[in-house]
């Protein structure tokens, strides 16, 4: 049950009626998900999936900008990233600005594996790999993308399991940063 207060701080009533200020409970971990900076493939409209593409100059500027913003956030206790270069580079910039925290790599935080579509420009994908393109656009959550690609259900299971595992390791810590394009 949420309750208001005279101040601008949000408060929540705990299960036994105690008042818990936002971010002060030991029963949860707050996770903030941040997308990696731009790559040349992003700029070209090329599908990345699990391909290991580095940030471009614009992506490095974006990483520094988000890192500077995150430096003012209180109580960041950990930074996690997928093992892909674009996410790890972004995470490293954030770590530099956040008391030099070490970045923990977790391959389960990668974005969706796009199978045969990886490396193709989206506009060409329908002609080059029609079955894979149709699977990508399908409304079926259980439809895998040919060539080793994931279904939306598989992506959801992998990422939510990883986030739950990470959260369980940090219950009571204030904020965690997770880097990658989990929704791509």
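Just so you know, glycine gets a Cβ as well, placed from its N, Cα and C.
According to TrEMBL, the feature compositional bias 'Polar residues' maps to 1-15. The region 'Disordered' annotation in TrEMBL covers 1-21. Here TrEMBL flags 35, 36, 37, 38, 39, 40, 41, 42, 86 as substrate binding site. What TrEMBL lists as active site, tele-phosphohistidine intermediate is 36. What TrEMBL lists as active site, proton donor/acceptor is 111.
A sphere of 10 angstroms centred on the C-beta of residue 37 (substrate binding site) encloses 25 other C-beta atoms. Of the recorded residues, residue 35 (substrate binding site) and the residue listed as 'active site, proton donor/acceptor' place their C-alpha atoms 10 Å from one another.
Counting in whole angstrom, residue 37 (substrate binding site) lies 14 from residue 111 (active site, proton donor/acceptor) by their C-alpha atoms. Residue 86 (substrate binding site) and the residue listed as 'active site, tele-phosphohistidine intermediate' have their C-alpha atoms 6 Å apart, to the nearest angstrom. For the residue listed as 'active site, proton donor/acceptor', the spatially nearest entry among the recorded positions 36, 39, 41 is 36, judged by CA separation.
Counting every protein chain shown, the Cβ of residue 86 (substrate binding site) has 29 other Cβ atoms within 10 Å. The secondary structure of residue 39 (substrate binding site), as reduced to three states from DSSP, is extended strand. The secondary structure of residue 86 (substrate binding site), as reduced to three states from DSSP, is helical. Taking a C-beta cut-off of under 8 Å and a sequence gap of six or more, residue 39 (substrate binding site) has these contacts in its own chain: 48, 53, 54, 55, 56, 59, 86. All protein chains included, residue 36 (active site, tele-phosphohistidine intermediate) registers 28 other Cβ atoms within 10 Å of its own Cβ. For the residue listed as 'active site, proton donor/acceptor', the Cβ neighbour count at a 10 Å cut-off comes to 23, with all displayed protein chains included.
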